[in-house]
């Protein structure tokens, strides 16, 4: 009897030892497989250097500021350049082949024939109503005129920045500007804008809400108006809506594929809204020549340096979106 019990006990003991050995062997094998898999994944991630685009990324408006200029140090073989100039330039040059001549000169700087487009506009006021910038790089030439300095500044502010605009129903609602980036932009053949600031009881401050003749006039018969009022205060507006479209706009950031070249003038245009900060003159340059041929020759000479200060990763500006966007 004792022999049978002793044998049974040995069998159980051997079974436990064997099971424990098998379990440890399986554990070591699983650890080896897991560690090897993690090592392979780590090495693969380093080698591939994979990037994840567009997964739960916040929408911030302008995308171009997060990219490095892709054209830096390379020929501009796949890019387009639009050169906007006033009618007076063509009139003064008086040569039917002048654009062909400039195209050949741009070719010497690495811009293939057909990649540079010459766009003419009548004057600053007309261009302000319908600015459309479609090329990868856009250079706008403005002849300085002391009588149009403020109009030039507003146009530069419009085209050098990206704006998100929504319609305004001024007949039904009051409006307020929330911060420095919030502006009211009006375009049209004739924009006259009056405002009446309101207190917390929606009563006019220095004006009568029922009498537009008591409103403060901030623009008179202009084609482009960027209106800035006191932030955080409701305003009732009066606008010549028959000849003007006004939008509530938010500045998203710089439109980095646009540069403004000022022809003449003592100082470069300043498009800064905040008087306490340094002048905002990014991508605003000045050329001091009397003759337009010399202006264009200078642009050809410095076109690549000008483009290096820009980036082609910006949205195209189409004023039709301003008028019809809902």
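A Cβ is built for glycine as well, from the same backbone N, Cα and C atoms used for every other residue.
Note that this is a predicted model, so its numbers are computed, not measured.
Swiss-Prot lists 1-50 with the feature signal peptide, giving sequence analysis as the kind of evidence.
Sequence annotations record features per position, and here Swiss-Prot assigns N-linked glycosylation site to 69 based on sequence analysis.
If you take the C-beta of residue 82 (disulfide bond) and look for same-chain residues 6 or more apart in sequence within under 8 angstroms, you find 116, 117, 119, 133, 134, 135, 137, 138, 139. What Swiss-Prot lists as disulfide bond is 82-135 (among others), and the listing cites sequence analysis.
DSSP gives residue 206 (Ca(2+) 1 binding site) a coil state; it is part of no helix or strand. All protein chains shown were included, and the count of other CB atoms within 10 Å of the CB of residue 206 (Ca(2+) 1 binding site) stands at 9. Swiss-Prot lists 95, 206, 214, 216 with the feature Ca(2+) 1 binding site, giving sequence analysis as the kind of evidence.
Among the features that Swiss-Prot reports, disulfide bond is placed at 165-249 (among others), with the record citing sequence analysis. Using a 10 Å radius centred on the Cβ of residue 249 (disulfide bond) and all shown protein chains, the other Cβ atoms total 23.
The Ca(2+) 2 binding site annotation in Swiss-Prot covers 177, 228, 229, 231, 301 and is backed by sequence analysis. In the three-state DSSP reading, residue 177 (Ca(2+) 2 binding site) counts as coil.
A strand conformation is recorded for residue 191 (disulfide bond) in the three-state DSSP classification. Every protein chain shown contributes to the tally, and the Cβ of residue 191 (disulfide bond) ends up with 24 other Cβ atoms within 10 Å. Per Swiss-Prot, the feature disulfide bond maps to 191-244 (among others); the stated evidence is sequence analysis.
Under the heading disulfide bond, Swiss-Prot lists 196-207 (among others), citing sequence analysis as support.
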Hey, how far is residue 191 (disulfide bond) from residue 216 (Ca(2+) 1 binding site), Cα to Cα, in Å?
14
Just checking the recorded positions 196, 228, 301: which sit within 10 A of residue 206 (Ca(2+) 1 binding site), CA to CA?
196
DSSP three-state call for residue 244 (disulfide bond): helix, strand or coil?
strand
Looking at the recorded positions 95, 165, 244, whose Cα is closest in space to that of residue 229 (Ca(2+) 2 binding site)?
165
Going by Cα-Cα distance, which of the recorded positions (95, 165, 214, 244, 249) sits nearest to residue 301 (Ca(2+) 2 binding site)?
95
Compare the C-alpha of residue 177 (Ca(2+) 2 binding site) with the C-alpha of each of the recorded positions 95, 196, 207, 216, 244, and give the closest one.
196
Using Cα positions only, nearest of the binding-site residues to residue 207 (disulfide bond) (95, 214, 216, 228, 231):
214
